[in-house]
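Here is the structure we will look at, set down as structure tokens.
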Amino acid sequence: MNDLTKFTNQIAKPETFDQIQIGLASPERIRSWSFGEIKKPETINYRTFKPERDGLFCARIFGPVKDYECLCGKYKRMKYKGVVCEKCGVEVTVTKVRRERMGHIELAAPVAHIWFLKSLPSRIGLLLDMQLKQLERILYFESYVVIEPGLTPLEKYQLLTEDELLDAQDEYGEDAFSAGIGAEAVKHMLMNLDLVQEKEDLLQELATTKSELKPKKIIKRLKVVESFIDSGNRPEWMILDVVPVIPPELRPLVPLDGGRFATSDLNDLYRRVINRNNRLKRLIELRAPDIIVRNEKRMLQEAVDALFDNGRRGRVITGANKRPLKSLSDMLKGKQGRFRQNLLGKRVDYSGRSVIVTGPELKLHQCGLPKKMALELFKPFIYARLDAKGLSMTLKQAKKWVEKERKEVWDILDEVIREHPVMLNRAPTLHRLGIQAFEPVLIEGKAIQLHPLVCSAFNADFDGDQMAVHVPLSLEAQLEARVLMMSTNNILSPANGKPIIVPSQDMVLGIYYLSMDRAGEPGEGMMLADMAEVHQALEAKAVTLHSKIVARVPQTDEDGNQYLKRFETTPGRMLIGECLPKSHKVPFEIVNRLLTKKEIGDVIDQVYRHTGQKDTVLFADAIMALGFRHAFKAGISFGKDDMIIPDSKDALVAETKELVADYEQQYQDGLITQQEKYNKVIDAWSRCGDQVANAMMEELKSSPIDPETGRQKPINAIYMMSHSGARGSPAQMKQLAGMRGLMAKPSGEIIETPIISNFKEGLTVLEYFNSTHGARKGLADTALKTANSGYLTRRLVDVSQDCVVIEEDCGTERALEMRAIVQGGSTIASLGERILGRTLAEDLIEAKSGEVIAQKGELLDEAAIAKIEAAGVQSARIRSPLVCEATQGVCGKCYGRDLARGTPVNIGEAVGVIAAQSIGEPGTQLTMRTFHIGGAAQVNEQSHLEAISDGTVQYRDIPTITDKRGRRLSLARNGEIVVIDTEGRERAIHRVPYGTHLLHENGAIISQGDRLAEWDPFTTPVITEKPGIVRYQDLVDGKTLTEQTDEATGMSSRVVTENRAAGRGKKEDLRPRLTLLDENSGEAARYMMAPGTTLSVEDGQQVEAGDILARASREAAKTRDITGGLPRVAELFEARKPKDNSIIAKIAGRIEFVRDYKAKRKIAIIPEEGEPVEYLVPKSRVIDVQEGDYVKKGDNLISGSPDPHDILEVMGVEALAEYLVAEIQEVYRLQGVKINDKHIEVIVRQMLQKVEITNGGDTTLLPGEQVDLEEMLETNGKLEEGQQPAEGKPVLLGITKASLQTRSFISAASFQETTRVLTQAAVEGKKDSLIGLKENVIVGRLIPAGTGAGMNRMRVAASSRDAALRASYRKLQESLIAPATAAEEHAAELAQGPEAAIGDDPLATVEGETHGTDADAGDYLIEGDEA
């Protein structure tokens, strides 16, 4: 019976294996897979369409073409199953075997496998320690190689040309040494390798080597050698003797009409291999001349190369139509390859798509499904229901009824659809809210109706968007759709925890209109008793929606009782108040104000937090209906006269024009440079544009009292739309009624002449032309942006996909310090915002009273945050995914709150993917451009600081000096001025440049608006710290010093220049500097002068402390492009080194200038104790420190954007995380996108998974190699007591690199560089234990996240239970063999516990960890044993 059910060798179910291993196939293995050798290149007979025998489609090898029928037709039907026909040799079985049976080709000469030869680094090359060039010369028959030199002076593996070989044979005799050519020679060389010996030699060499670069190469070779030893692969398997042939159904040949065939490219490639192989066999049999055989062998090698990876070496082999043939590698690679096309994304049944239209009368959980569509999608359910009701006898009849659409069918469709959710999806699905479940409502027509509130989640609009419908079939799928994916369960956005179901556009406008109050409306000051009176008064027109009235509004107290409370309000706001849920947590106050889109979002947020999901959904639906209704009733519209151009515009423009003319004159007079003029002009115009815009806004905002009626004039409609957040923005209004402002050239620079007109006035021809650049660039950008953003998301998902919450608490002691982000003068993100929804790592104690505000391990919710903010806490230590010590994934405590639910995160939540989606989804809103900032445009704004609040001022790390005028000057390079308000909170942190004039004492009390500091924005001074006499050193006129006279003012100044001696002779080593002599003529201080510095003192001048010796121009340091938008985010996540990166001090110590080279100078930091650290700095860069300065660890020696790798090395993981989070948030903040920090932290955690071994200890790990942190810990765990563990330092990998280095090779191969990943994995014999999400999708399992994680746990438990049962059955059988006596049985009954009597299954509580074996079952059988 068993044989009957097992038709064919059935494919293993995806649940039945735990790991997938990849390795090299030995020739024996390939032959064992094969069902026969393919000897002929023929495919099928073009007349009979029957496969040729021994050809590529041979039925004898691969199986029958028709089910249960041999080729010649002698045996037909099931009864001959398994018979092999003696005439045609075909086994009678199902055709499906043609999809799984393989064949092989026996090669007449071995060939090298191109993956192991050409995929960098070449594995064969590394093993033999030869260059790829040399290997290719051997393999493609260009030169001989010495395999065994014997006693001759030839080197082992030395290459010889034909002539050299003949000479050598003449000289030493033919048998004195062995040489070979082609793949055979390489195969010999690989077979003769003694890997274990090789490993020992390499380790020896590694220990003794002295050079810098050698160890890297040795480690590379060592890893390959070790991987061959560990994996059990043999090196000679990289050379093929047999080529496997994949099953014919996987490379089909289909006859087209007209006698032609469509075929898979693989067949062509195989045919070439077979043809050349057969020809080579014949040539060898005929004993053809060597040169001909050799040529044929080379061609065979090329044919096999093309089959495996076409185009990897030499020309691409093309088919008849000049199209490159798709080789086996191409089948896997890229978007169209097997991984991404068929395994990660499949097309599914039971789906349809149609245009969407708005469905404002739907409830939030519903969508309108066209009847026709529903009928088609739910067909099987309808058939089943028809059958169950006994309406149709047969399936055929049911089909007929459905096709005819009889009225019974529609009734049944209604029944089937009730409570059966469907999933709607809109492409592009950028985050998980792009697929949501709804209950279908049948509608006429052909378009899907979508609820307006979910549009923002789908990013849908109704201008012709289409959406797809999917039907969840199984009960579990329906359950998940209803419980997890229903639109009512997705009120909050997973990216930032704010509601995503927020009214937009018309609804916002309607609600804004309702909540306005206006002076002088009819009925102002009326007292109304309750809601009913308000409605009556509105009907009677006694009041308008905007009249200011006093009314009693029903409120709910904490016990749920209603009471009335008086409010000054308007009837419109009371209408909104009616929609609010009845709860004391959401009082009427929260809607008793002017509601813009942002405020409505806050109201929905509060309703959700305090009253729960159901009420929120009802409230959202109610407020939507209200908004639409009143937007319609208000009849808001605007005409061109609503765009009011401010009267002050002309005056402002004229004033700016004068300024610009003035700058032009200054430039002509030589007072300012071209660059400075440009910056000032741009500045002036942008200021003018802003002033015009402000004037316009003021004018639009004002709604004066109409003298005739005494009522306020209606407010400007355009202003209403913009201010409420319904549509339009101040920037757009500025273009309509202000001035268009400055435009950019295609190169990105800003054109100096602005567009003065606005769209209402109309542009001049020149202005119109200037504005076309920007417009066109915008369109081109948009197209690029989508692709770039999508790619960023894909890389992020790939790096973080296996990050899942796997346990409640990992118990780590580490934590991140969080404080408010203060930039310049304002708080960008308060402490509360940053720690909301996180877990505290230690008790928060109020400084003044010492009481504990929040406990360690508490999840901070809104209430706790309010307490913390009130107490004025400065910083808090919180848990973060970055410090989590869970081995795979993260733990719930470190992650904190699940943002989309507002509850602690569940185990199994795929937080990695959510993080990737949250960062990638707003990617399309970011800009693509790099901002070009011309020098002073940013700098000259700021030449002083003002206090933003009352309080005290504190200087951190600012040494000061007082000059002879009594001014305090800062000598700090990295000092900070901190403003602390009266409650002791840090309100602002400012970094000020060197030489700043500080106006207050440290700790002085200041009031708001006081000046704190001023500085010269254009130059950096060199200040002397001691009195003395100045001497010029190496400042030679004409070489390193020039006199420059300013034509405009006639003043001359001395400028240090770079010494470019004309003579080709020995260049003098001139290091221009000033030295300061003290009273004993000893050298007191040295100041190096960078080129471009203007000297302010004479040689021999007496100076006091605090005097300025020289000024270096700051212009040069500032003109660097600021990369913004998407490219910046990608740059940070890829951990790229910035172009002009800053140099960070690795240790604390004093600075010393060591010496100058041609283009660089060497500076060193001398610590108090220990070795000095040296840096090479290009001369073109301005060095921020002077000789003798004391620097702290992590200070900038040279300004620029820091290199994240440096930050990690010098400052550690926490500082790096802080930097990356701050920089990435900065980019998103500019676009007004909110993303929670923890998402970025999850990604950064994934980038920090690897460590570089610094000390191998007693392990097999080598210093300098990169391994997973887990791997290092595992290796250390295997050590004996007293052995030294390996140590390592964390390394930062960019997201692409990190994804390619995941432990799962399946996941890495499906990401990028497929061949390289698979080659590497095969050599190492990697096992993929299917831990991440992607691998499981690829092998077709449930992912180990969400409900899948639970299923996995259950499966493990079930299998261990099965094992226990099996063992108990065995016990039972054993007891049957020797029957027990009555007395023994009686004793056994008494010995049994009371559980046995209750009938509780003692095995029901089994929870195992592994797939059970009988051995595991031991513990559960104790009760049975006692018997």
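Keep in mind that glycine also has a Cβ here, set from the backbone N, Cα and C atoms.
As recorded in Swiss-Prot, the features of this protein are as follows:
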type: BINDING; residues: Cys70, Cys72, Cys85, Cys88; note: Zn(2+) 1 binding site
type: BINDING; residues: Asp461, Asp463, Asp465; note: Mg(2+) binding site
type: BINDING; residues: Cys810, Cys884, Cys891, Cys894; note: Zn(2+) 2 binding site
type: REGION; residues: 1044-1065; note: region 'Disordered'
type: REGION; residues: 1394-1427; note: region 'Disordered'
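Structure coloured by features recorded in Swiss-Prot.
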residue	record	contacts (Cβ under 8 Å, 6+ apart)
Cys70	Zn(2+) 1 binding site	Ala59, Pro64, Lys76, Val83, Cys85, Lys87, Cys88, Val90, Glu91, Val92
Cys72	Zn(2+) 1 binding site	Cys85, Lys87, Cys88, Val90
Asp461	Mg(2+) binding site	Cys455
Asp465	Mg(2+) binding site	Val355, Ile356, Arg426
Cys810	Zn(2+) 2 binding site	Cys884, Glu885, Ala886, Val890, Cys891, Lys893, Cys894
Using a 10 Å cut-off on Cβ-Cβ distances across all protein chains shown, tell me which of the binding-site residues (Cys85, Cys894) has the largest neighbour count.
Cys894
Cys88, Cys884, Cys891 as binding-site residues, winner by CB count within 10 A:
Cys884
Specify the count of other C-beta atoms within 10 Å of the C-beta of Asp463 (Mg(2+) binding site).
5
Cβ-centroid neighbours of Mg(2+) site Asp461, Asp463, Asp465, 8 Å, sequence order:
Ile356, Ala460, Phe462, Gly464
Any further residue of that chain within 8 Å (Cβ to the Cβ centroid of Cys70, Cys72, Cys85, Cys88) of the recorded Zn(2+) 1 site:
Leu71, Gly73, Lys74, Tyr75, Glu86, Lys87, Gly89, Val90
Cβ-centroid neighbours of Zn(2+) 2 site Cys810, Cys884, Cys891, Cys894, 8 Å, sequence order:
Glu807, Asp809, Thr812, Arg879, Pro881, Val883, Glu885, Ala886, Val890, Gly892, Lys893, Tyr895
